[in-house]
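Everything below concerns the one structure shown next.
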Amino acid sequence: MQFESGILVLVFLILALFIGALTRHVLKNTQIPYTVALLVIGICIGLAQRGDVFSGDTQMVGDTLALVADIEPHLFLFLFLPTLIFESAFAMEVHLFRRMFTQIAILAVPGLMLAIWLTAELLHMSVPEHWQWSWAMCLMFGALISATDPVAVVALLKEVSSRKRLETLIEGESLLNDGTAIVFFSLFYVWVLASSGGEGAMMASPLQAVGQFAGVVLVGLAIGLVLGGLCIIWIDRVFNDPMIEITLTIAAAYSAFFISESFHVSGVVAVVTLALVLASVGRTRISPEVAGFLHHFWEMMAHIANTCIFLLVGILVAIRVPLDDLQAWQTLGILYVGIMLIRATSITVFTPLLSRIGVGITFEKASVLCWGGLRGAVSLALALTVAASEAIPKEISDRMLFLCAGIVVLTILINGGTMGMLLKFLRLDSLPPAKQATVDKANQQVANTLQTMLPTMMDSPFLRGADWQQVKTQVKLGAMAQTDADAPIDQSDLDTAFLRRLLETERKHYWTQFEQGTLGKRATNLLVEAVELALDGEPCIGQRDSLLATWQVPGWLERMRGIAWLERTLLRLYFERLVVGYDVARGFIQAQEALESHIDTLSPNAQIATHVRQQVQDNMAQTIARINELQETFPDIVQALQSQAAIRLLLNRERAVIKEQLKLAVLDKPEASRLLEDVEKRMAALQQVSIFRQTEAAQLDQQIPWLHGVTQSTREQISSCQERGIYDVGQVLIRQGKALNKLGVIYRGSVREVVAGKQGNSQVVVRGPGETLGITALLTGSSALDYLAETPCEVVWIPVDKLKALMQEDPTLMYILCQQLAQR
């Protein structure tokens with residue numbers, strides 16, 4: 001029976017998923033990497049197909065294997081690469097990637113260039129002369145075989161130890177390495193076609209090659225940024241709709257790759273950029289209810305892609321690669337040893353530089369980086385591209401495919417299969433001792449909690465007859481309470497691990513507040529970034545300078561003050577900054593209170609616990625002072641923010657109760673869905689409420705109390721021409737002697753009026769709400785005094801020219817202003 005190709009592809013996908021599930025189940029509690037096992041299974045299946053095992057009743061399986069073994073290389077890349085690249089970049093710690101970017105870029109660009117050149121030199125010397133490999137072909141093969149795929153290594157690292165910096169270095173280098181390798185492969189591929197007389201192919205000069213490399217990287221970067229920005233804008237307008245938000249990330253990832261490759265620029269760079277934009281700026285734009293599911297979804301997508309890829313690679317290698325060329329086998333052995341040495345050389349050459357920048361690098365981590373340079377899907381897809389080219393002789397392309405496939409198989413089987421032993425030898429298969437000590441402290445707390453439950457459980461009439469000795473043995477209560485007290489640990493390492501654990505707890509608390517709706521998007525970003533900044537290098541619990549900056553007016557905003565057509569926009573920015581500053585302060589206080597409760601549980605000794613507790617209390621005192629300032633000066637803003645937080649908490653609780661009733665079958669699903677939809681509509685509407693619009697609606701009479709006696713027409717005209725400004729503590733409003741064409745009235749807060757004395761002494765008067773500033777401008781056109789913000793304040797400014805015109809029309813206004821002048 002004959003089946004169409006679409007049905008056969010579906011059969012392969014079904015078989016791959018079944019084989020993957022079975023393999024993962026069998027490998028539980030073993031040290032064999034999942035991807036290595038899949039590759040071996042794929043090779044075995046491919047060899048069986050090569051031996052015509054699948055015939056008769058299993059002919060459909062044979063047809064399926066023949067079809068997938070002949071996969072088009074571009075389809076291979078376009079189908080799997082966006083998923084793998086996006087998931088890897090999206091799951092990375094962005095602050096670590098940012099901090100380690102220089103190290104990653106050195107390994108991925110000059111490091112890769114060195115590896116390509118050395119590999120080409122090795123090939124030029126080692127391949128038999130009758131193979132007729134030109135220098136261009138050697139460089140092309142050097143580029144395609146230098147693309148790394150450390151998925152097995154990273155998976156093992158995540159499984160056996162939590163070493164985020166090493167994982168980020170390996171994954172980050174692989175992501176940029178793939179993009180660089182593809183770009184160089186394209187350049188050398190054109191060179192090969194040009195030297196072979198390929199139609200339309202022209203060899204680029206070295207200067208042109210450098211320009212092309214920069215162009216494809218920068219344009220790919222721009223495409224990723226543009227699509228990332230558009231995706232964030234769209235997602236920001238969606239509230240808790242996983243179907244839309246997840247669909248958008250899938251479409252954006254594949255669009256970035258497809259558009260970039262269509263313009264002949266780096267699709268890898270575009271997808272990496274897109275993922276990093278969504279993982280950094282976009283992390284608070286994604287609905288908190290969706291964020292966890294989104295990460296799990298992409299993990300599942302990457303797992304399915306890896307399952308299909310490694311199975312497919314094994315099948316493809318076993319079916320398509322010629323296995324009867326003895327010289328090819330000898331060359332493969334030389335090449336494998338050579339690229340391992342070349343990988344080590346390219347890292348060793350740059351180690352002196354790598355150890356002095358970023359987070360540094362140790363011998364142990366460099367060793368993992370060298371041995372972890374596995375080759376995978378990208379290399380094989382590029383080799384298949386060569387094999388599909390009619391411009392390159394079939395004998396040459398077949399040998400390239402054989403060598404590439406052989407290196408992919410050997411690196412995955414040998415390097416991937418022995419990585420666990422290397423990690424154990426280098427003592428990287430477990431947590432650092434100081435970090436383990438903090439885990440042991442937490443484990444001890446868990447054990448104590450369980451121990452306190454035992455007496456109550458023993459008295460329960462339903463549990464009284466249990467074999468409690470067996471219960472303790474099965475639960476491992478005794479083992480849980482034991483710690484490794486024999487290993488000597490440096491006290492400074494213990495303190496550092498303790499501080500890092502506290503900062504991780506603090507960061508998690510901000511995300512919890514964001515999920516509960518009590519912390520805004522911008523405030524969450526700022527607070528999380530402050531923690532990540534504190535985590536970089538020596539961890540710091542004390543004063544956060546980056547948070548202090550959010551409470552101050554930035555210089556660029558102050559320099560734009562006075563531009564008439566920007567006044568309203570600037571006022572909105574000032575209000576938003578106040579709102580974010582208060583939100584940051586409130587979220588910070590809540591996190592510090594939570595942090596204080598963990599100090600005794602995690603601290604390695606009483607001295608560091610006392611020191612950290614004092615730092616936390618200092619943080620809280622400083623932040624509470626700022627909150628009090630804002631509450632006194634801008635009570636309406638604080639009230640609006642607190643009202644929003646209270647509404648969101650109640651809506652969260654309402655949603656939780658409805659979900660609980662659905663679980664208990666008190667509500668049917670249709671009824672619960674309607675109720676949940678109503679709650680989420682109100683939540684979405686709450687996000688659209690503008691604090692600026694609420695506070696902007698203040699009455700003019702409240703802003704300028706001395707206008708009560710003037711006519712309605714005067715009040716309306718003043719209202720139409722007034723400007724408002726917000727100032728932070730210590731900020732200069734007016735300088736003595738400077739030209740002044742407007743009169744100020746304090747609406748909120750207080751302003752310090754400084755009168756310079758004859759002998760350098762200064763007289764200070766503090767003005768409050770309703771009092772005027774710069775009243776002498778009506779007579780002299782300049783300020784007779786210095787005015788500085790005593791507290792955060794808001795001032796209403798009225799143009800002097802307008803006031804003078806109104807004074808002619810309204811005698812009451814003239815009388816009031818003359819009184820004001822007389823009082824000064």
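Cβ from N, Cα, C; glycine included.
Since this is a predicted model, take the numbers as computed values, not measurements.
Copied over from TrEMBL, here are the features:
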type: TRANSMEM; residues: 6-27; note: transmembrane segment
type: TRANSMEM; residues: 34-51; note: transmembrane segment
type: TRANSMEM; residues: 71-92; note: transmembrane segment
type: TRANSMEM; residues: 104-127; note: transmembrane segment
type: TRANSMEM; residues: 133-155; note: transmembrane segment
type: TRANSMEM; residues: 175-193; note: transmembrane segment
type: TRANSMEM; residues: 213-235; note: transmembrane segment
type: TRANSMEM; residues: 265-282; note: transmembrane segment
type: TRANSMEM; residues: 303-321; note: transmembrane segment
type: TRANSMEM; residues: 333-354; note: transmembrane segment
type: TRANSMEM; residues: 366-388; note: transmembrane segment
type: TRANSMEM; residues: 400-423; note: transmembrane segment
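Looking at 104-127, 133-155, 213-235, 366-388, the range that has the most CB pairs within less than 8 A of the transmembrane segment (333-354) turns out to be 104-127. Ranked by Cβ pairs under 8 Å to the transmembrane segment (71-92), the stretches 34-51, 104-127, 175-193, 213-235 are led by 175-193.
Segment contact holds for the transmembrane segment (6-27) and the transmembrane segment (303-321), given three or more CB pairs below 8 angstroms at sequence separation of 6 or more. Only sequence-distant pairs (6 or more apart) were considered; of these, fewer than three Cβ pairs between the transmembrane segment (303-321) and the transmembrane segment (213-235) are under 8 A, so the stretches are not in contact. Of the candidate ranges 34-51, 133-155, 265-282, 366-388, 265-282 contributes the most Cβ pairs within a distance under 8 Å of the transmembrane segment (213-235).
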